[in-house]
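Some features that Swiss-Prot has for this protein:
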type    : residues                                 : note
DOMAIN  : 4-201                                    : domain 'DPCK'
BINDING : Ala12, Ser13, Gly14, Lys15, Ser16, Thr17 : ATP binding site
Amino acid sequence: MTLVIGLTGGIASGKSTVAQMFQQCGITVVDADVIAKEAVEQGMPAYQKIAETFGEGVLLETGDIDRRKLGEIVFANEEKRLQLNAIVHPEVRKMMIKQRDEAIRAGERFVVLDIPLLYESGLEHLTDKVIVVWVPMELQLERLMKRNRLNKDEALNRIHAQQSLDEKKKRADAVIDNSGSLKDTEAQLHQLLDTWSNIEK
């Protein structure tokens, strides 16, 4: 029986690091961000709809979508942002479910759905258990400012654009505290996998 684990966190909480740890354990990780990029490539249904909805002005000379230009349009206009989400999100969901179900059919013990905005998108129903990668707010802020070269206000705006980590923590089945060393984080992950290996769905 396959246990489907939802993996989420906040910006700069270290979720990608934990996703890599799952992969190092030989566990399939279905990455929503990677799929979102694939979903808008030429020849995909979402690509066609974006070109029709937003016009050829959002296409590069190669025919690929100009992500920067599209980003500028949707961040400046809430209605356009919702339009884009309505095109892309259903396709991403479909592709994620397909990859999840392939892992289940293959009889894998675990499969991880790595979804940054899992709760915000209401996708927890696709999983059996949810892990939130958590760090204290001060550390999240410090890491984000350093990683993205942002000032404090810019970093805070990005953090507040998502549901707070403490809120996600309350809703999760398990929390990995990523404020210590990588070794600490890895130990928590292995402990969880050991515990969940013994449960039936």
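Cβ atoms are placed via backbone N, Cα and C, with glycine included.
Each of Gly9, Val18, Val133, Val135, Asn178 belongs to the same chain as Ala12, Ser13, Gly14, Lys15, Ser16, Thr17, is absent from that list, and has a C-beta within 8 angstroms of the C-beta centroid marking the ATP site. Every protein chain considered, the tally of other Cβ atoms within 10 Å of the Cβ of Ala12 (ATP binding site) stands at 21. Scoring each of the binding-site residues (Ser13, Ser16, Thr17) by how many neighbouring Cβ atoms lie within 10 Å, the top position goes to Ser13.
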